[in-house]
Every structure is written in C-alpha cells, then in structure tokens.
C-alpha cells in the first residue's frame, strides 16, 4: 500500500492497542461481596468423568462393600466403574423388549417414557438388587455384584419400583433382608404406598386410597434407624383447612410390625407421621414447605434437609438440620385427630407415649404391637411440629432451587466443621460451611461449575465417599468425580488462608497449602475460617469469537480494491473493576486485491564465453508486489539478452584424442593389469594422464597337480626272521598356479614290502604304505603300531526308539616308533541299539461339558465324561488313572406339591365301590405338575366277622297295621325334613360357591400380576401386569384389589444374611414436572 493515509488506515484496522486500564466504573458495583466461583476450566484438572454411548439419566449411584467400585444405574444400562479414575469395568445393557414397548405406546406414552429407567439400586453382601421401570411394567433382578450379567432371580417390580420415570420413590434394604419401598403401586400413580416385601416378615402396606395416611405424596428418602424405618416425603396437607398447601413430613413404622388381626390386616399398625418445619423467623414467618432431599449423619443423629418454596412462588431454598431426638419427641407427643370431615383437627393424648415397638406376649393378639388397632386406624398424624436445631435455617439462598445434598464432617485446626454440598437445578455444586456456633452464620465457600459456560442441566444424583473425601455427581449424560481436598490449587499463603477452606491450611515447614493429614506438624499448620471468603471481582477482558468474513474496500494509490475483513469484541468477558483490556487485534484483513509491479532489473550475468561471441542475461519479476485476488498482472518482458566478446578471438584448441582400446591382460588368471592410451592434439599441454590402467582376469587359477613316478624297490636295513623289507617312493604336489612348471615337490608317499629269505612267498605289501613329508626320515629301528583290544560297548544313547553305542581301541600295542607304520583302520566303532519304540503313557482328554440335569426338582444329577486318548497308551505305556465319568447333584430343591391331599374314602355305593378325590392346587400347572387322575376308586372291603342286620317278617295283622301306620307317619315326616335340608343345603352351597369364586378370582389376578415362579424380564407372564389397565375408576381398582399385597413375598428372593443397611432414593430435580402425575 502507498501513502500516509493508507498506513494510518492499516494501523487502525489491525487494532494495535496499548495496555490500559478501563474507564472508571460504578464503585458500588465493584465493591459488592460475592462468593468465589470455580469455573469448569479451573476444576478440569481435578475432574474425572465417565460417559457411555447411548446412555443417559445417570440417576443411581452406589458403592460396593469394599468401596473399590462405583455401581451406576442409567437408562437401559448398568455400569461398574473404578473409583480411582471412573474407568469402565463392566457395562450391561438392560433394555425393554419390543412387545413391552408396544404395549407402552398403546397406552399413550412417548418413546422417551417407554424405556427402562433404573430406579432402585441396592447392594447387599455380594449381590445387587436393582429395579427398573421397564416401559411402565416394573421389574426387579438380583445380580452378582462381581458380574452384573449373572442374574440369580427376577421378580415383579410392582410396589418396589415406580411405573413412571417421573414418579419419585425411595427404597432401602435392611440387614434381615426386608425391602422397604415408598412408591406408586399402579400405572396412573393413584395408589401411593409404603410397602414392605421380601425377607421373613409378612408384607405390609399403608391403607389404600386413604388421604389421611398418604395424600399425593412425593417420596424423598428412607433410613433404617433402630427399631424403626423412617421415611421422608412431602404431600398435600390434609389438616390444612384453607386452600391447598404442601407440608414436608417424617413418617415411621416399626420393623417388627406384622399387621393387624381382623382389623388392619396386611396394613401397618405402627404408621405415624409428623410435620417438619423449616422457616425463616419473623413477625410473619416465611416457610420453606417442600422437602427436596435429606442426608443422615448416624454418628451425630442429625438429619440435614433441603427445602424449597412452591414451584408457583418465588424460587428460594434453605437447609435445615433436625435432631433425631426432636423427631422422636414429636412421635411421643399427642396426635392430631379429626372426628369427621366437618370437625376441626384437635390434639388427642397419645395412648402409648415413648412407644418403642413393644409386642404382646400372650392372648388373642400375641406378637402384635402394643398399639390398639382402633387407635392405629384413627391416630396417624402427630400434633407437634418437628423443629430444626436452630430457629434460623443453616443456609438460605434466594433465586435458586437446591435438589440434592451431601454432608462431610471435617477436622479443622480448632474444631469439627460440617461442610454441606448442595446440587442446584442448573448444574453447579455449592460448598457451604455450616454455622460454627449458634450465634454465627453459614458461609458459601465456593460454587463449582460442572459445565462449560452457557450450558447447564439439573443434577440427577449426589453421593459422597467420606473414606476417600470424594464427591460423585450423576448427571444426564455422564458421571463426574470431584475430590473434596484441592489444597494445591492455592499457590501462595495469602490465597490458602484467604480461601477459608476447612480442608486446607498453610504448612510453614513445607511452604505450601496442604490438608491437615498432609501437614508435617499441626503446630506449624495455619488455618483461619471464622469469616466468609469473597470473590475477586476484578475481571480482565477477553475477546469474543471472530465475526464472519465480510467484503470491504481499500485504496491503492489511484486504484480501489476489495478485501475480506472480520472483527471481534472485548466482551467475553468485558473488563470489569480494574481489569485489563484485551490484548491483540480487534480486526483482521485478508484476501485484498492487489496489482502486480516489476522488481528492478538484476545485473547483467557474466558472458557465456571467454572468447568468441557469447551473450549476457538480466531478469526481473512481477513481485513488487505480486498480483493477488484479481489484481492486474505486470505488462512487459521479464528477461533481456545481449551479445558479448564478439571482437575477442579464441586461441587454437588443445585437446586429448579419444582413448584407445584396452591392451592384453598381463595374466591369464589370478589377477592382471590392462592399459589404454590417448594423445594430446595441437600441443603438449593437455591436462591429465595419457595412460589409464585397470585390473583384469581376477578369477582364481585352476588347481594343478603333479605326481612323480615310483622309484625302484630298494632294500631297507631291517631284517625279520631271515627276511628283509624293501621300499619305494613317489612325490605329489598341487597348487593354483598359472604355469605347471612352477610346481615343487611336496608330500612323499612310501610303499614297503616284506620279502622272505627263501623266496617261497614272494614279497607282500599289505598295510605297509603311508604318506610322509619330504623332510621325513626313518630311524634305524622302526616300530610299527598295533591296535589294543576293543573296549566294552558304551551305554546306549537312548532307552528306546533307536539309540547309538560305541567302543574304542588305541594304537598302543605297541605304539609306532622311529618311523614305524601307524595302525590301520578306525579307532572308534558305532552300533545301533534299543531299536524298539518307546512306551507311551495314556493321558486324559479334557472333560466334556456338563449334561443337562436329569430332573428339574427333587434331586437330579449332571454328568460329564473324558477319554484316555490324549494320547492313548501304546508300546506298554501306563493307562490313565482316575474316573472317566463324573456326576454331580443338581436341582435338589423339593418339588412343589401340585396336588392337594386325598379326601377320605367315600361310603360304599350300590355297586360296592369306594371313591376318593383330590384337587390341583396350582392355578397354571406346567410340565409334569398335576399329572394323573383327580379321582381314585377301589372295591369295598368288608370285615369277615361283620353280620348284616336281617329283618324278620311278622304274620300278625295287628303288627302289620301298626307298621303301616308307623311307616306312613314317618314317611311324611322324613319328606318334610329332607325338603327343608335340601333347600338349606342349596343355599349354603350357593354361598360357598360365590365366596370361592371371588377368592379364586382375586388369587388368580394377583398371581398373574406377580407369578410365584421367577420369570424373565421379557416373558409373556409379566405382560399380564397390563390387566390393571382395564379398571378405569378408583372404585373398580378397589373391587379388584382389596389390599393389593403381592403373593410372592418369600425369603428366596434375597438372602437376609448377606444384606446390610442400604438406601436408594429415586428423586428428581425437574421441579416443574414433579406434580404432573
């Protein structure tokens, strides 16, 4: 660009800003006190998260007994996670089948609702009891905690799990195996109940469709405390006479309650409820009526609760703390009773003050609780209100709603401090220090953001693990783990002390912020927590995102071009309260159109020749500037040439001629040399050599061998028994030489023969030859060598399958001396041995799979086999030891009796036959159940000594007349009695038949809803639960189910010896929808 105006425009466009303080802002705004906020970016290094594809609604969290794993329940999934880093151990999909979903859709429910939402997740020993909504057909399973795919049992979820994912519920499992659940028991949610099932005690529930017991409750939590089981919930206040309002309540039942007798059968006789008060004191108190969550500290008998205002009022939340003794005091006080609907609610003395679940020892009501059954039916609501520990809530905040809480007890430098963690409906965790004394207040220490900026969602679950000081948060799409001790976040002493964090203090020895456990000395550990921390409101500015690229214009001298421009603002955030302005450009410019311009010419290049005519070159390029984005290209040539040295003549040319041919190699083999030559033309001053050499015929010469003829036989001065020896010689030489004449005599070969003196046997040369060096000489007294005797054969190298053995001899009998002949023949001899194959011992094959059990009940057996074929025994090897067949017992449980007892034998009929009958006691017999006849007959058996009665005929006419009169009278009498008996019998039969039909219908429906035999989640039997939908009115439901108890309450569903106290609260934070059902 050219010109001063263009340069100034460029500087302003690029936004070269100096660092400067912002303009003065409102001092009052910058001096307000706000609590510290830990952003998602700041908490990121400590945060651990778990996500799974297609898994949402992580609303159930619990720990294994060893506190090494986190068990998570989400929609259609169960997970096992490592506590350390939330890494996945096991994932199990638990989804509804298509038939159940279609049935759910047919009832008008959405695809989102017709899923399996996990709402009960309880750990007992090494088992996991879990229930899901299963598309409005709740079902429960008992699984192995170490392998979630291993299902031990499956039962109906009715009265244990809500039908709808929007219904609030709570459940706990006691040490004796009883399951206490508070939930809606029907599809539309009109029948809420507190229900006990499983275990050894009979099933009980709250009174059905009685608003004085439960009036549209929203269940929050439950706890097993002493002799009682406590439930916390909120409901429409039945005692409130003016309008409709919601009260929060504690309720309790005795764990040894077995229900009433004749009155309150199958119903709690110890159910009582009171009201919890959490309010802001004043001339007109401000009430927080709706309980949202609780947390129980068993060591201190304290129950923390979070309360909010009604959803239709201004959002406000509070935390109140209740002592268990205050709740017990309310239950020991008077009742609040209303005689009838037109009467007022009045206090009534408690007939059983300080009731501790005592039972009757004798009489008609033995084992029943001490409460009078009529009192238990009338007196439900307590008169006194449970007041919190302090008159002012421990913590209050307007314009927010809390949904979940957890409490940790921390040892500070001087005292124990209670830290409250509050989950909000917009996805943050507020860390609150409870009041240190009655006169002091609470402090909001910090607020932790679990999502990036401008994103939020409600918290689904909150669990604290005190042993590891860790907080686990269940959210819609993931699970988060937050460490409670983050002292290393504070780098300086002022930041550490100023944070007012009860977990942290400054260690003067280590010069860093540590927890009390990490400090080297408590006397050198400094902490100050009497005041509340405040947030530094100074905010440095930060740029927001760039705007999209847009066209803009620019001036280049007299030409106008186009560019692309974008800008950004210093508003994410804007500088506040003395913060620095943003550093960097606020505008960027790119892709500006530009006309091309020539660079200056380069210098002329050197002449292309040193003599004679040559040429020179100079160049320029269109890069000053280069044309861009549609700009004009340069006009003209980018290269110029000119002649040079046109008047400078060149001298004669001196040069080498070409190389001549290669001369003959100096050697035919073994490496020689070749040469070639050239000559210098037009003078003697050519650079370089005129001769060039290179090797040739480098291949090795062939091996030559030369042998001399034998010399004549010459006698040797050695005599033996009158004879003499003669010998002759010859020499052999070999080498790789190009000329055979270059060979020299090498190794000498000698032959000797023995000639007898008499000439009879001639001369013999057997074994008398050998090779000697040319320099070798013979002694005058040579001694020929002789072999010693063979040694014994050595041990065979193998015991079987063809081995080798050897034997030796030595040339020392005698040794050859003075040029004597050496021993001829081998000194070592080999022989094969043990050629038979090795024996093969038999080895068992692997066991086959266990066969199916031979019987389904009453004791059967499994069977598995193996064979001695891996390998089979051979060549005398041992056979396999052990059994080839194994059996094991199975299905040893007693077969269920399907027939009733046989009736007594009937009276003999006219044909002399007796009959007896039996009935099938199963409603739906399967397999071999109820096989056989329902009746059985046999001939009558008479006693041999029995004499039948014989009537003797009388001939007297008087007697005959008397008998006739007697018979006629008695005949009419007997006819009247028989007729009346028949009518009475028919009436009784009709009454018994009607009663049996009604009883059988109830048993049939209840059995269909809750089959006695465990069924699969997706079996057709569980689909019969939908029969409830044919009842459209409350009256019809009442007629269908008198007390709505489940028939399958048997101890087989959960082992009471493996369970501990476990709680599960199904509670949700969508406060705008919790009352929709």
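Keep in mind that glycine also has a Cβ here, set from the backbone N, Cα and C atoms.
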Candidate annotated as N-linked glycosylation site in Swiss-Prot, where the set is 591, 1018:
591
Kindly point out the range from 972-992, 993-1013, 1035-1055 that Swiss-Prot annotates with transmembrane segment.
972-992
Integer Å distance between the CA atoms belonging to residue 131 (disulfide bond) and residue 320 (disulfide bond):
31
Going along the chain, which residues six or more apart from residue 880 (disulfide bond) have their CB under 8 A from its CB?
842, 843, 844, 868, 873
I need the most crowded of these disulfide-bonded residues: 104, 696, 701, 838. Count other C-beta atoms within 10 angstroms of each C-beta and give me the top one.
104
Near residue 833 (disulfide bond), which disulfide-bonded residues out of 140, 278, 665, 696, 811, 890 have their CA within 10 Å?
none
Cβ-Cβ distance under 8 Å to residue 823 (disulfide bond), same chain, at least six residues away:
785, 786, 787, 811, 816
Using Cα-Cα distances with a 10 Å cut-off, which of the disulfide-bonded residues 622, 796, 800, 838, 853 are near residue 669 (disulfide bond)?
none
Per DSSP, residue 320 (disulfide bond) is which: helix, strand or coil?
strand
Rounded Cα separation (Å) that holds between residue 140 (disulfide bond) and residue 701 (disulfide bond):
96
Would you mind splitting the domain 'TSP type-1 3' (653-702) into helix, strand and coil residue counts from DSSP?
0 helix, 16 strand, 34 coil
Can you see whether DSSP assigns residue 890 (disulfide bond) to helix, strand or coil?
strand
